[in-house]
Amino acid sequence: MLTVRNFRKAYQDRLVLDISRADFPAGVHWIKGRNGSGKTTFFRSVAGLLPFGGNLILENRYDLRKHPVEYRLRVNYGEAEPIYPAFLTAWELIRWVGATKQAPLGQADELIDRFGIRDFMKAPLGTYSSGMLKKTSLVLAFLGNPTLILLDEPLITLDQATTRTVLDSIRQSRQQGISFLLSTHQDVDPVDLPIDFTWMVGQQTLAPFPQPADQ
Amino acid sequence: MKALWTVPEKIIVRQFYLQNTGLFLVILLLGFGFLSSNEHIALATYALHDGFFLAGYVALWLLYTLYTIRFNSQVIQTTDLLQFFRLIPAAKRLLIFYLLNLQLLAPVLLYAGFMLWVGTQQHTVSANGILVLVIGSLSVLPLPFIERALQKPNPEHVSSRLGSWLRHHLTTPYGFFFIRYLFREQPITLFLTKTGSCLLTIGIILLYPTDDYDIRLLSLGILLSAAFHAGVVFELYQFEATHLLLLRNLPVSLFRRWLLYGGIIALLMSPEMLLLLYRRPEAVSTLNIAGVWLLGFSILLLEFTALLTRHQSRDRFMATLFWPIIAYFLLIMYRLPAWGLAFAGLTIATMLFIRNFYRSTWESEEE
């Protein structure tokens, strides 16, 4: 589903990640790693937010460099700690992102109700709590027809009911053929969320991690 | 005392100057770009001898003080960490905030100090007394507001009915996100930039028929206007990098992105376009006026693409603009046509954008 080749990312000459080769099959991938290990950098690079060296290819067809629009149409990203312009409303962001991601008719409304943001979505984002911002970012992450959704710490700041909604959404989307890269420091019950593959980010690289249950 | 000082100094004073760099840059350009030191001394002398003129200075200082009070109060009310100051004895707390506030008022204090120096030379005793009284009053004016802000943290904001209605019935197209940001978060920078640029444009237009000037005068005017806008261009770069990170994840072609940035910058420069078109000197054709405006537009796009080419801090960005502005000045003086310079600028900006948009990044380390 996602092919990584000769991936290198440095900040001001300080190497953060060097992944010579990684192949992500379709499914749910749990990316583990300590704080500061480079998980968010990897997610942001895969989402097309950060420049990097090497190649990222989706479905063996869409190279992020050669097909920037087609690739981005199929890769969505939910940030760990989303920051949005305080004067905009969630509704304005959802309409804008939905239009560019070619969201099907009615999808935005369905996601708004699923994540429970209808009551406050027309208030300025600057008035939101961190949980409300997180819910907004999750709605944005599921918009359109993605092949891959990157969710950086999707469960933090959420109440129990919304946590359940997120896990259900991931499970349902997986059944529909959508893949996920997740990073979370929280333990997830395999019954709630079946993880297909686990990876470890550390020592400036990314490697498969064979026994997710042991970690 | 130092332990109590460091945190508010970083949160309030440094942030104030960082967030208002654009504002101070415009003030410096307006205040010291046109006026020589002799003219400043002449203005100060006039103010010291004319009560009405002096009142104008005091009014400006009061406005600035109110602006610092607004900033101060907002930061104190929204930064929970500063609530610890309620645990400190009142006298000590007031002393700390008084000293912090003096730092925020530094531009006013320095200019008032300069006027006092002029006044001492000229023995304007009563005006000097008024200056000392005014500065003393302005330095203590923020204290009750700061105390009030400390006592009432995190106020509930009640939006107006009109604002609420607009939010429920209208949505902002992407092209207006940044314009709304400027109006809401950087109103003073926007006001001073546009006022300075428009006054300059009007001045150049009025000056044009008074002597044997040619199109170069208008080109130099728009060049200076474009230099005024550097702070706003940096704001655009910073706004998208820090508040709209998801923009780069959206499936929008480079061509469309380029058109959107062109639209935003054209919107920013639209007052100058209207002024140039409607107050156009008779001797200058509409085509030439369009070329002059396009020159300014292309310089703003070049400024933006320069930031995409290499991330720079605001200060460094402002400093690096100096030589390109001098180069443009010489090219204009050597009679290169405005249309030609505009097309060359647009071509270079487009190439830089295509090459660097996806390679560019706001240099801050992430996890």
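Each residue, glycine too, has its Cβ placed from N, Cα and C.
Remember, TrEMBL labels are computer predictions, not curated facts.
Per TrEMBL, transmembrane segment is recorded for B:16-35 (among others).
Under the heading transmembrane segment, TrEMBL lists B:41-64 (among others). Away from its own ends, the transmembrane segment (B:41-64) comes close to residues 35, 105, 107-108, 111-112, 114-115, 118-119, 122, 124, 127-128, 130, 134, 138 of its chain (Cβ-Cβ under 8 Å, at least six residues beyond either end).
Remote same-chain residues near the transmembrane segment (B:95-119) are listed as 1, 4-5, 8-9, 12-13, 16, 24, 27, 40-41, 44-45, 47-48, 57, 61, 64-65, 68, 71-72, 85, 88, 127-128, 131-132, 134-135, 138-140, 142-143, 146 (criterion: CB distance under 8 Å, separation of at least six residues from the stretch ends). According to TrEMBL, the feature transmembrane segment maps to B:95-119 (among others).
Among the features that TrEMBL reports, transmembrane segment is placed at B:125-146 (among others).
Listed by sequence, the residues of this chain that lie at least six past the ends of the transmembrane segment (B:188-209) yet keep a Cβ under 8 A from its Cβ atoms are 20, 22-23, 26-27, 29-30, 67, 182, 217-218, 220-222, 224-225, 228-229, 231-232, 235, 271-272, 275-276, 279-284. According to TrEMBL, the transmembrane segment annotation covers B:188-209 (among others).
Proximity of distant same-chain residues to the transmembrane segment (B:215-237), defined by a Cβ-Cβ separation under 8 Å and at least 6 residues beyond the stretch ends, is recorded for 21-23, 25-26, 29, 33, 178, 181-182, 186, 189-190, 193, 196-197, 200-201, 203-205, 207-208, 264-265, 268-269, 272, 276, 281, 284, 288-289, 292-293, 295-296, 299-300, 303-304, 307-308, 314, 317-318, 321, 325, 328-329, 332-333, 335, 337-338, 341. Feature annotation from TrEMBL assigns transmembrane segment to B:215-237 (among others).
What TrEMBL records for B:258-278 (among others) is transmembrane segment. Distant neighbours of the transmembrane segment (B:258-278): 174-176, 178-179, 194, 197-198, 201-202, 205, 218, 222, 225, 229, 232-233, 236, 252, 286, 289, 292-293, 296-297, 300-301, 304, 350, 353-354; these residues of the same chain sit at least 6 beyond its ends, with a Cβ under 8 Å from one of its Cβ atoms.
Per TrEMBL, the feature transmembrane segment maps to B:290-309 (among others).
Same-chain residues lying 6+ beyond the ends of the transmembrane segment (B:316-334) with a Cβ under 8 Å from its Cβ atoms: 25, 216, 219-220, 223, 227, 230-231, 234, 299, 302-303, 306-307, 341. Annotated transmembrane segment per TrEMBL: B:316-334 (among others), in sequence order.
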